[in-house]
Amino acid sequence: MDFDQVLEEIGEFGPYQKTNYLLICLPVMFAAANSLSYVFTAGTPAYRCLVPECDSVQGDSQNYELHPNWLVNATPGSRDSNGFFTPESCYRYQANKTFTINTGTTCPKELFPGSIKERCFQWVFDQNEHTIVQEWNLTCKENAWKLAFVGTMHFAGLVVGTALSGYMADRFGRKLIFVICIIFMAATGVAQGLSWNYKSFLIFAFLNAVGTSGVYPLAFIIGVEMVGPRKREMSSIVLNYFYAVGEAMVGLCAWFFHDWQLLQYVLSIPPLFFIAYYWMVPESVRWLIARNEKEQAKEIIRKAAQVNGKELSVILLANFESTEVENQKKNNCQDHPKQNCGKGCEHKKTDKHEIWLAVKEVFRSKILTLRYVLLLYIWAINAVVYYGLSLNSTSLSGNKYLNFALVCLIEIPGYTLAWISLNKFGRRLSLSGSMLLCAITCVLGGYITQGTTWATVCLFLVGKLGITSSFAVIYAYTAEMMPTIIRSGGVGVMSTFARFGAMLAPFVPILGNYYEALPLLLFGASSLSAGLLALLLPETFRKKLPDTVLEAKQLGKRKPQAELSTKADIH
């Protein structure tokens with residue numbers, strides 16, 4: 001059965017699809033927020049050593065000033081280009097215990113003769129930000145790895161969750177696993193806020209990432225599978241708008257709620273209400289057809305046609321009809337699995353293995369194996385460059401919360417560029433062009449490092465726009481190259497592999513210690529290689545979504561449609 005033809009009858013993107021599409025977009029915002037909440041909950045607030053000889057004169061220990069005028073006398077540090085003094089966080093000058101401070105003076109330089117450094121074990125924190133650093137005293141260099149390890153655990157959870165949710169969705173259905181991921185994400189997010197120590201926080205951060213990782217990919221798959229060929233790029237791009245808004249929401253909420261626990265609750269409690277989606281959002285009709293669940297698929301299509309104001313043809317309805325004999329055989333097979341039920345039961349028995357059979361067929365095909373290897377490489381490069389540029393964005397001066405939100409929102413023009421190019425140039429050229437744009441701007445930005453701040457910032461933003469566009473395209477492109485039976489799992493595997501690439505991103509900026517331009521040059525070179533390799537992939541623009549492995553093989557080949565349909569039916 002060609003579901004694209006069904007969509008032509010009921011409407012490619014009618015009121016029924018629009019309503020359900022909006023519903024699946026809302027959890028994506030909270031998935032994006034939960035994916036980045038650790039940036040602020042495990043962030044390092046500004047702090048300095050407590051200097052009792054000087055701070056005690058302020059009275060209330062909870063309101064010690066973070067940057068008093070006398071700080072330059074009491075602690076080592078450095079001044080920036082604007083003359084602002086930044087003290088070292090864990091060292092102060094040794095005080096002369098016999099020195100008497102005159103009335104009217106505050107911590108004169110003579111109180112710290114010789115400027116002898118000593119380690120401190122009490123601190124004054126920025127009162128406008130409370131994170132796990134204050135909660136569990138994770139200060140100084142010896143604890144820096146613990147804060148970084150929160151991010152490592154997060155990415156580890158994404159790796160596990162992305163692969164697991166993709167397979168489970170292909171096996172048990174898109175909607176069920178989608179709802180489970182949302183609720184699991186919300187519950188573990190709340191648990192993070194209730195963490196009683198660092199280890200429990202790590203465990204819940206890992207579990208939260210497992211749940212979070214399945215929300216966006218499954219929302220994407222459900223969205224792509226419910227619309228017609230001319231609306232697929234729209235369904236994939238608009239979903240990313242919601243994701244970008246969710247990312248920006250983290251920065252704005254962290255700016256408003258200065259406590260890490262409040263931030264966790266604000267981002268995690270609302271998604272609990274999405275449990276209602278189990279009764280509100282329909283299952284993917286494509287998945288139901290692939291699983292031969294014709295009756296359930298027919299009911300959803302009837303409802304969609306009714307809401308869209310369309311009337312279904314007799315021929316279309318006949319395709320969904322199952323004879324009483326077939327239904328009886330299936331029921332007998334379920335009730336008596338050891339009984340010889342004939343062909344109806346044989347199909348039921350093979351249902352559990354059809355996913356693995358499809359995977360084996362993919363590996364037996366040189367064309368598909370090469371194609372998916374190229375996609376794996378392109379996905380990994382996208383992740384390395386995307387997260388690498390995001391890490392470098394912290395160098396932008398100003399309010400860190402506002403900057404974070406703006407850097408996230410700049411992705412919306414990137415997604416818009418992807419939308420326009422997907423419609424005008426197709427998938428292959430859009431992917432290749434986006435990565436080449438990023439490559440050019442990264443290489444240019446690598447050589448413009450001094451005296452041209454505005455040029456560096458502009459090139460950085462254009463590079464981020466390019467790689468954002470590429471990321472949006474690769475999701476739609478990959479889904480359109482995967483057969484229905486393994487589409488969720490296939491996109492999940494690609495996304496999982498990308499997470500491994502993302503783990504490398506934090507180490508790339510270290511290369512700047514050897515050669516300042518090397519990180520950006522590396523981003524540019526890798527983007528260039530991926531952009532050129534993308535030209536080897538087949539075009540899928542406005543092509544029928546492949547339901548079988550055979551149809552996936554035929555992508556990019558010029559075959560008569562009748563011949564292709566016949567082969568697909570035989571398969």
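Here the Cβ of each residue, glycine as well, is placed from N, Cα and C on the backbone.
As annotated by TrEMBL, domain 'Major facilitator superfamily (MFS) profile' applies to 98-542.
Among the features that TrEMBL reports, transmembrane segment is placed at 21-40 (among others).
Cβ atoms under 8 Å from those of the transmembrane segment (144-164) belong to residues 35, 38, 42-44, 132-133, 138, 181, 198, 201-202, 205-214, 217, 489, 492-493, 495-496, 499-500, 502-503, 506 of the same chain, restricted to positions at least 6 beyond its ends. Sequence annotations record features per position, and here TrEMBL assigns transmembrane segment to 144-164 (among others).
TrEMBL lists 176-195 (among others) with the feature transmembrane segment.
Under 8 Å from some Cβ of the transmembrane segment (201-224) lie the Cβ atoms of residues 21, 24-25, 27-28, 30-32, 34-35, 38, 132, 149-150, 153-162, 164-166, 169, 174-175, 177-178, 180-189, 191-192, 195, 232, 235-236, 239, 243, 281, 284, 475-476, 479-480, 487-488, 491-492, 495, 545, all in the same chain and six or more residues away from its ends. Residues or ranges marked as transmembrane segment in TrEMBL: 201-224 (among others).
Annotated transmembrane segment per TrEMBL: 236-257 (among others), in sequence order.
Nonlocal intrachain contacts for the transmembrane segment (263-281), taken as residues 6+ away from its ends with a CB within less than 8 angstroms of a stretch CB, comprise 20, 23-24, 26-27, 30, 33-34, 37, 40-41, 175-176, 178-179, 182-183, 185-190, 192-193, 222, 249-250, 253-254, 257. Marked as transmembrane segment by TrEMBL: 263-281 (among others).
The transmembrane segment annotation in TrEMBL covers 370-389 (among others).
Within its own chain, the transmembrane segment (401-422) has Cβ neighbours under 8 Å at 39, 233-234, 237, 240-241, 243-245, 247-248, 250-252, 254-255, 390, 393, 429-430, 433-434, 461, 464-470, 472-473, 476, 541, counting only residues six or more beyond its boundaries. The transmembrane segment annotation in TrEMBL covers 401-422 (among others).
The feature transmembrane segment is assigned by TrEMBL to 429-448 (among others). For the transmembrane segment (429-448), the list of distant contacts is 378, 381-382, 385, 389, 417-418, 421-422, 455-456, 459-460, 462-463, 465-467, 469-470, 473-474, 477, 517-521, 523-525, 527-528, 530-532, 534-535, 537: same-chain residues at least six beyond its ends, Cβ to Cβ under 8 Å.
For 454-477 (among others), the entry in TrEMBL reads transmembrane segment.
The feature transmembrane segment is assigned by TrEMBL to 489-511 (among others).
Under the heading transmembrane segment, TrEMBL lists 517-537 (among others).
Between the transmembrane segment (370-389) and the stretches 176-195, 236-257, 454-477, the greatest number of Cβ pairs separated by less than 8 Å involves 454-477. Between the transmembrane segment (21-40) and the transmembrane segment (517-537), fewer than three CB pairs separated by 6 or more residues in sequence fall under 8 Å, so the two stretches do not touch.
Within the model, the domain 'Major facilitator superfamily (MFS) profile' (98-542) carries an average pLDDT of 81.
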